[in-house]
Amino acid sequence: MLNKSIMDGDNPDLTEERMKGAFDTDKMAAVIYGSEKFAIRRREITESISRIPQLADSKPFSFMTREEKISESCRKLSVLSEHWNQLIDTNNEEEALHLYREVLGLEGHAFSLHETMFIPSLVAQANDEQQEKWLGRAKRREIIGCYAQTEMGHGTNLRALETTATYYPSTQEFILHTPTETALKWWPGALGKSSNYAVVVADLVIRDTHYGAHPFMVQLRDEKTHNPLPGITVGDIGPKMAFNGADNGFLGFNQYKLPRDHMLMRHSRVEENGTYTKPPHAKIGYSSMVKVRSRMAMDQGLFMVSALVIAVRYSAVRRQGFLDDKSREVKVLDYQTQQHRLFPSIARAYAFIFCGFETIQLYDQLLIDVKNGDTSGMSDLHALTSGLKSVVTHQTGEGIEQARMACGGHGYSMASYISEIYGVAIGGCTYEGENMVMLLQLARYLVKSVELVKTGKSKELGPMMNYLAEPDTQIDLTSGPEAYVKVFQHAARRQVWKATDKFHQLMESGQSRDIAWNNSAVELTRASRLHTRLYIMETFIRRVSSISDVSIKKVLIDLVNVHVNYEVLDIGTYALEHVSSTQLDSIRSQLYSSLDTLRPNAVSLIDSFQISDMQLRSVLGRRDGHVYTNLFEWAKASPLNQTHVLPSVNQYLKPMMDKAKL
Ligand SMILES: CCCCCCCCCCCCCCCCCCCC(=O)SCCNC(=O)CCNC(=O)[C@H](O)C(C)(C)COP(=O)(O)OP(=O)(O)OC[C@H]1O[C@@H](n2cnc3c(N)ncnc32)[C@H](O)[C@@H]1OP(=O)(O)O
Ligand SMILES: Cc1cc2nc3c(=O)[nH]c(=O)nc-3n(C[C@H](O)[C@H](O)[C@H](O)COP(=O)(O)OP(=O)(O)OC[C@H]3O[C@@H](n4cnc5c(N)ncnc54)[C@H](O)[C@@H]3O)c2cc1C
């Protein structure tokens, strides 16, 4: 059986699709998840979870209130605590993430930030002694932590954080203080009600000198009673667009005392007498953000995949309208418009995940290098992940919204669950650095790269930047995907140079650096997007070229073809400088034929992600495809349907109607 999802009793329309798939979905899962070993482990973990009934949802998420969601996730975490070691290798981050996604879903929970930022901050920022003291406790989940950096008045501009940590050599203590309302920490996930510790980022002050943002390990609550400690004001910031299983919080300090060794001191130090040692790289304290950004291509790719699993399966069972055969309505997946809506996003999702694997590995390597005193890779990874997180989150939002619309009316129902996926995913456009701001961070690097080329120092260009120094050449579009890479290189190069020239010219005309930068910013962000999309395309092609299995490679080449044609058309206005409108017409035709080629494998391509029904939490996207029965059962379970006559009818509507009858 090539598609391992085929099961007796499934909707025959889906079974038909699965039979059509030309490749083994287990083998594809091994490619997606980086190794056969991990793909197998994922399935084993999913299987083991299904044997623990207490880990199942007690009722559909979409019928739960916020309080119920928080309580449900805490209940499951306590069940999980009895089973960690039997379910996963607790030192394996990817296994842990899979377990969390399966059991707790994507709406957030008490440990969301503990695993993603609190522990990584201790790993990267605490010295050996401090790790000895806290890391084990955190990993054993004796304590729950979060990452408290953003303030009500400042998130992006870390240099303006107002929370102070003032060192007093006389007592060898820091005093943490929130001087104003705007200095309240605001947004940190799991801060409001769950965490009893936090890595707090505050402005370090010693003898009236401000040294800027530094991380501190801070106990927030009593370990026995969980009550806030004296001097701490903490609470939940209220409901959000999505991610409401998480208690994002606020936090204020009133002259809160902290022992000296609670500043995380792997890279910068404050001695007993107040002598300050600066870190080997000014931005080394930002590493936890880089860690999360380096994960985001993978995580966002998986968000998009979840929406696509739902939309593609649904499109294979939804019949509406006619093509040639007037005796039976067609599957909506057969419409070219539906394919155009969904397939380029499938391609992007694969591409994002392949990029994600690269950036996760780059971060892990950087962590080792920095520990060995080599910080030279920090700028490259910062630039790469800044651009990638911005492009990927934006395109994921677009893809999920298209998936919702592809499901027609049912996509708008919470039964599809797509709106929740959308709400959580697009949070990524904001968290870990607002997208425009992060595109501008990459732009700094691009501008510097052009300056290197201009001054004859091309040899010093960082990875991925050599194309900026190359001359424009004639492009032969018949020479395969590499030709499309050339189109992107031309377009990105031209835009990067154009934006840099504009910036330089404005400065030469007398504008200050900051004003000239601001007046070039839209062009600069365009340059960053094109550069990042070039990286995504190159990574996708490189990964697919490295695959040896013939049937897997064949379908992924079909997917690459959808990708390169779609992407070049999508940047048509930039590509027009290098590609004629006749060539664009021919790319259009190739896109339509590549959609057609991909069609028989569409369901198998999304099944290959092996996202369980439990993780998907979508009535519309279930593996069995019995959409209408499942939908009706779900609606009947709505709390509103537990009684024929609601109290509000008796209290308001009926008296109103009765009165009108008199
Ligand atoms: C293991 C199991 C895990 C289970 C978990 C289950 C989870 C399930 C998934 C659920 C998904 C949802 C998860 C939700 C998680 C949400 C997490 C969100 C957390 C946060 O949002 S934390 C707060 C984040 N905040 C930010 O990102 C702030 C953004 N701002 C900045 O980063 C900086 O202020 C900024 C913009 C970089 C500017 O900094 P600044 O100091 O002012 O620097 P300059 O602009 O002046 O630049 C100077 C110079 O420095 C270089 N630079 C900047 N940053 C870096 C860096 N990080 N590394 C290297 N170099 C850096 C910059 O490029 C400049 O260089 P030049 O050479 O040009 O001078
Ligand atoms: C779901 C979620 C979870 C979060 N979790 C955490 C957490 O765990 N811990 C934590 O500390 N924080 C967390 N945050 C906060 C988050 O990191 C910040 O909201 C984010 O960094 C953006 O900062 P801001 O809110 O200050 O936006 P602002 O910077 O105020 O952005 C507003 C607008 O101003 C623009 N802008 C700002 N500066 C510039 C500039 N220099 N140039 C051009 N335009 C600019 C932006 O592009 C944007 O359009 C979370 C946020 C969300 C939504």
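The backbone N, Cα and C atoms fix where each Cβ goes, and this holds for glycine too.
Glu432 (active site, proton acceptor) falls within neither a helix nor a strand when secondary structure is assigned with DSSP, and so counts as coil. According to TrEMBL, the active site, proton acceptor annotation covers Glu432.
Per TrEMBL, FAD binding site is recorded for Thr150, Gly189. Residue environment of Thr150 (FAD binding site) contains 19 other Cβ atoms, counted within 10 Å of its Cβ in all protein chains.
TrEMBL lists 24-144 with the feature domain 'Acyl-coenzyme A oxidase N-terminal'.
Within the model, the domain 'Acyl-CoA oxidase C-alpha1' (286-447) carries an average pLDDT of 98. Per TrEMBL, the feature domain 'Acyl-CoA oxidase C-alpha1' maps to 286-447.
Residues annotated as domain 'Acyl-CoA oxidase C-terminal' in TrEMBL: 481-657.
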Neighbour count (Cβ, 10 Å) for Gly189 (FAD binding site): 27
Integer Cα-Cα distance in angstrom, Gly189 (FAD binding site) to Glu432 (active site, proton acceptor): 12
Number of other Cβ atoms within 10 Å of the Cβ of Glu432 (active site, proton acceptor) across all protein chains: 25
Residues of the domain 'Acyl-coenzyme A oxidase N-terminal' (24-144) by DSSP state, where helix covers H, G and I: 87 helix, 0 strand, 34 coil
Rounded inter-Cα distance in Å - Glu432 (active site, proton acceptor), Thr150 (FAD binding site): 10
